[in-house]
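Data block below; observations after.
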């Protein structure tokens with residue numbers, strides 16, 4: 001009855017006591033090297049974590065394939081199907097609307113049928129979408145296929161980083177979750193490169209390859225232990241955690257920690273969308289959604305979608321500039337995976353945001369050095385994409401997957417992902433209008449937003465490196 005009365009009054013004493021105990025446990029674990037710590041750092045015992053991550057990021061590669069498809073195929077599709085520019089613009093932009101729908105439904109789907117079930121659902125939509133594009137004879141089927149692949153993208157954008165964060169030990173979680181962004185970048189770059197030599201129908205069929213690998217691989221990897229614990233499948237929870245940590249690993253401490261935290265959350269009412277704005281969850285929601293706002297409204301999709309035009313306007317080779325751009329984002333995102341668990345999330349975000357401000361200033365600073373426009377524009381754009389790949393591209397997704405308590409992860413994750421996709425659409429839609437108004441003003445506007453990101457990170461974003469998900473959530477809500 002006391003618990004019930006606390007809940008009815010909105011009392012947070014249960015969470016506060018859990019926060020204290022978990023933070024104390026964090027300090028105790030930092031002071032001693034026990035079997036659990038040793039085992040989580042053993043590569044030999046974690047092969048299932050690596051394999052499960054590989055399978056999951058096939059969804060990230062599929063995401064990139066969907067996003068990169070329209071760029072190299074525009075001329076061929078318009079010619080073969082006699083599409084007007086307006087019709088092709090609908091084909092290109094409807095992907096984002098599909099992703100928004102996917103973002104809205106991704107959290108509830110992942111909570112209802114599990115993380116693996118959500119990935120299967122997303123894959124099914126992508127397979128159907130690619131086949132529709134391949135067999136399209138006109139604009140209608142083409143748009144239906146593009147909408148379906150966009151829906152799959154929206155689901156993948158949420159469930160892949162969440163699944164990886166929930167299966168990974170704390171000392172590897174940042175690096176493994178960052179692979180999500182690396183594979184997205186790789187998928188985009190591969191689609192762009194092979195799209196120059198394949199027909200648009202053949203390129204659509206290549207999008208089925210990561211789908212096939214993902215569907216096959218899902219038969220051999222465990223479900224998220226935290227999701228299994230949440231829905232009360234105790235035996236499967238222990239078996240999945242044991243598979244992920246190695247058969248000889250003592251999982252009792254980690255299993256008890258997960259159980260204790262979930263039991264605490266189960267005493268609270270099931271969270272709905274409006275519940276996200278309660279005081280107990282508000283900090284997590286502000287951090288997760290805020291990072292998505294700054295990631296997108298800092299200009300990334302406007303610059304990414306129209307980078308060739310930017311290089312052409314600056315009098316630089318669009319082909320050379322785009323290839324350098326593609327290589328840089330893959331290489332630097334790859335390097336990011338090796339340092340995120342050493343340098344920490346917060347320092348990478350600060351370095352990244354500072355680089356974005358500098359890149360924007362250089363890209364827009366044409367009026368101050370007219371003779372140096374090409375070199376300024378190229379340098380600015382390359383600094384911009386390098387800085388974005390170094391932190392702001394991947395780290396917000398890592399933090400988003402870490403900070404939400406499991407009882408609101410579905411609703412909060414859907415909200416954050418929806419905000420991300422809305423920002424992607426808004427920036428890509430308004431970019432050309434802003435550039436026609438003032439190229440200088442456009443980049444200065446983006447610089448100001450990225451400067452705001454620096455203040456946001458300094459004041460509100462916690463460091464999550466080296467902490468379990470339960471410890472992170474306890475610290476935020478303490």
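Residue 1 is the first one shown; counting continues down the chain.
In case you wondered, yes, glycine gets a Cβ from its N, Cα and C as well.
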TrEMBL annotation of transmembrane segment - which of the ranges 6-26, 90-110 it falls on: 90-110
TrEMBL annotation (transmembrane segment) - matching range among 257-274, 347-364: 347-364
Correct range for transmembrane segment (source TrEMBL, candidates 226-247, 314-335): 314-335
Winner by Cβ pairs under 8 Å against the transmembrane segment (47-70), considering only 122-142, 200-221, 376-399, 411-431: 200-221
Leading contact stretch, 148-168, 175-194, 347-364, 437-461 vs the transmembrane segment (411-431) - CB distance under 8 Å: 148-168
Touch test for the transmembrane segment (148-168) and the transmembrane segment (437-461), at least 3 Cβ pairs under 8 Å: no
Stretch of maximal Cβ-Cβ contact with the transmembrane segment (437-461) [cut-off: under 8 Å; candidates 90-110, 175-194, 281-308, 376-399]: 281-308
Considering the transmembrane segment (314-335), which listed stretch of 90-110, 175-194, 281-308, 347-364 counts the most C-beta pairs under 8 Å: 175-194
